[in-house]
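This report refers to the structure that appears directly beneath it.
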Amino acid sequence: MASLLALREDLKELRQTFRSGATRSVKWRKAQLQSLHRLLTEQEDQIFAVLHEDLGKHPVESFRDEVGVLLKSLKYSLTHVEKWMAPKRHQLPLAFFPATAEVLPEPLGLVLIFSAWNFPLALSLEPLIGTISAGCTAVIKPSEHAPATSSFLARAIPKYMDTKAIKVIEGGIPVAEQLLQEKWDKIFFTGSIQVGRIIMSAAAKHLTPVTLELGGTCPAVVDSGLSSSDREMAAKRISSAKWGCCNGQACLAVDYILVEEKLASNLIDLLKQSIKRNYGENLAESKGIAKIVNKHHFKRLCSLLEDPGVSASVVHGGSVDEEKLFIEPTILLDPPLSSELMTEEIFGPLLPIVTLKKIQESIEFINSRPKPLAIYVFTKDEKLKRRVLSETSSGSVTFNDVLLHYLADKLPFGGVGESGIGSYHGKFSFDTFTHEKAVLRRHFFMEPQARYPPWNDFKLKFIRLMYRFDYLGVLLLFLGLKR
């Protein structure tokens, strides 16, 4: 009971802060963004330590995928936030004369941010950047599966940020359930599809808008029309993004590769070479590969491999070490399509390769499954590119690379269908936590007071004509037909 009362006192303070208007000024927004920038730079060594403790990430990976991404995002927001929050003037039809119109970006209010464990710093603070830029107050609920990072955020945020506007609340499922009982002005969630359904159901009780950053099985299509050097580059990029980014524990990781039968053997050899080049001979001792986050997820991944049809399809890797929470980068060739490996998001270092007669069949294959968060296509065939864009649906499409679009501030990041609702990054983060309020200002103006005959068919035809040629404003103003 005491914790529930404390929670409600915290939320009361956050709502009072928002109602006071303190978060709406550009001065407050920039000050908080600058404070967050200082937190990341001054606490960098501590950040590296907690990310290594939770996920075994090397400092290079931690900076590239978390700290560096956030610093870049902060710089972008600090440069543009004043422009984003300014009212935008819009023209009106003559019928509204004399009047002016504008769209005023208005902060939504109190925001709840649920972050995920695979990028526990970035996925907590990236939406917070949007929240601050929009002028909202926020509660961050870090993932309990990354306890060191969660504890760090709970200690560091109050030292740098406005504690009357931004709070961190730690805990597991009971705390999350308590939070979902409260009324919010926006809920931002990053995580699994299953939990996303729970979030959306709870939000519906209060008609709270949600942004759901989920996952989905992201395919990579490798066209056999590529030259040998292009195939080598494709394998290198797939390998680096799959195993070098949290060891496959990423929503944007490649879940499976689609390739023509004749190219499969060559592609497997190229992936093996890339693994050896990037991570060395003794993979279990490599500092370049993150560990599996905990025993629960370790056992989940092991159970995928224990399926007889799946284990028979392993062509590289497959070794595991429970004590170190390590699973070797593993390549599988044509595992059963009905297996859990091929029907669920893998979220780990297992990479199935599915062979096709013709690469054009990849479009039908992708469309037979839930809409992915991203589709990666390695090809120079412009016709295939057009078909992928026009005949498939996904959160994003990247040609000839993997993950790169995530770093583009001017591109929205988000899913569609089961891979998510809404988007963020850059201006899209600002928009996610903002309501665009229509504002119309009209002036008093002398209008004709003459009496007119009742409405009739002639006047209806005449007004239709005026609408067609956009002369309605002149008509209304000088003939008094709006009476």
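Every residue, even glycine, has its Cβ placed from backbone N, Cα and C.
TrEMBL: automatically predicted annotations, no manual curation.
The active site annotation in TrEMBL covers E213, C251. What TrEMBL lists as domain 'Aldehyde dehydrogenase' is 15-439.
Distance from the CA of E213 (active site) to the CA of C251 (active site) is 9 Å. Long-range C-beta contacts of E213 (active site), restricted to its own chain and to partners at least six residues apart, with a cutoff below 8 Å, comprise L123, F188, F189, T190, G191, C251, F413, G414, G415, G420, G422, Y424. Model confidence over the domain 'Aldehyde dehydrogenase' (15-439) stands at 95, taken as the mean pLDDT rounded to a whole number. Other C-beta atoms found within 10 angstroms of the C-beta of C251 (active site) number 27, with every protein chain shown included.
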